[in-house]
Amino acid sequence: MLPQYERLRDPSLAGDPIGPGGTTPGIRKSTVRIRFGKLAVTTAMLPVLGFLFCVVWSLMYNFVQANATHCMVYNFLPSLSAAIGNYQPQRFVWQFSVLLHAPPRYAIAFLYKNHHLSLLARKHRKEWAYLACILNIVELSSLVGLTLWTSSSNYEIHKFCFSAFIVCSILYMLLVVVINRLSRIDEMLTLAERKSLRYKRRLMWVNVLSILLAVYFFLRHNQYCEPYVYSLFALSEYVFVYSNIGFHMTAYWDFIHANMYFHWRTGLHFSSV
């Protein structure tokens, strides 16, 4: 689903004089307006489809290598790191999808900062909005880092970025849910806002549960070397990734009436109408 957009005439040109022959001197500049809801869905679908491709391709063409572990027991699902970083074309597809979706995500992080500042204005907790923004940016930067430095190319950097991604992701979700709980009254929420908050809570708990299960299955696999256990660890990773993407896609409801504008002189900015 591609974003809908329309070109708007630059207001500064409204009074341009008409030259000889009825033409306007110079080239008319325009502003591109993209509906935020479409942008949010398109941005989220990039890693969704990219990760799905990596897993399916690994199962079809790298099944034995991708599922191999030090225990030499049978598994049927590759880990996150093996699926996205150890083989081609999976590595290229994942890097392309993550790097392409990163710029809008950075812009949305600052949009959320302003949104949370407005919510917390009466609570005198504006520092929470800045903290949430920092966590969001570090989470996204860690995702970019673990994507560029794979477990096979540089394990230490990959491990550091993966750990930072997990910690910042969970802390960001918790903080956003707390901000919304403290600053909003359910009876005064719109239908879209209620849906957004409901899915945020559910996806946060799914995310936390999935990472706890992943830790359990990883430790059990290393200790007992049982068949299928590493695949359950991989499945928990998949749930963690998709619940994280789903949490960020709730921006669709938070800014359902917003638009993103791009102008050649003023750059990128958002509007609530």
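Numbering starts at 1 and runs along the chain as displayed.
Backbone N, Cα and C atoms are what each Cβ position is placed from, and that goes for glycine too.
Annotation source TrEMBL lists compositional bias 'Basic and acidic residues' at 1-10.
Positions annotated as region 'Disordered' by TrEMBL: 1-26.
According to TrEMBL, the domain 'CWH43-like N-terminal' annotation covers 38-257.
Summarising the annotation, TrEMBL assigns transmembrane segment to 39-60 (among others).
If one looks beyond the transmembrane segment (128-150) by at least 6 residues along the same chain, the residues whose Cβ comes under 8 Å of a Cβ in the stretch are 81, 84-86, 91, 94-95, 98-99, 102, 105-106, 109-110, 112-113, 116-117, 119-120, 157-158, 160-162, 164-165, 168-169, 171-172, 175-176, 178-179. According to TrEMBL, the transmembrane segment annotation covers 128-150 (among others).
Summarising the annotation, TrEMBL assigns transmembrane segment to 162-182 (among others).
Sequence-distant neighbours of the transmembrane segment (203-219) (same chain, 6+ residues past either end, Cβ-Cβ under 8 Å): 166, 169-170, 173-174, 177, 229-230, 232-233, 236-237, 239-240, 243-244, 246-247, 250. The transmembrane segment annotation in TrEMBL covers 203-219 (among others).
Residues or ranges marked as transmembrane segment in TrEMBL: 239-256 (among others).
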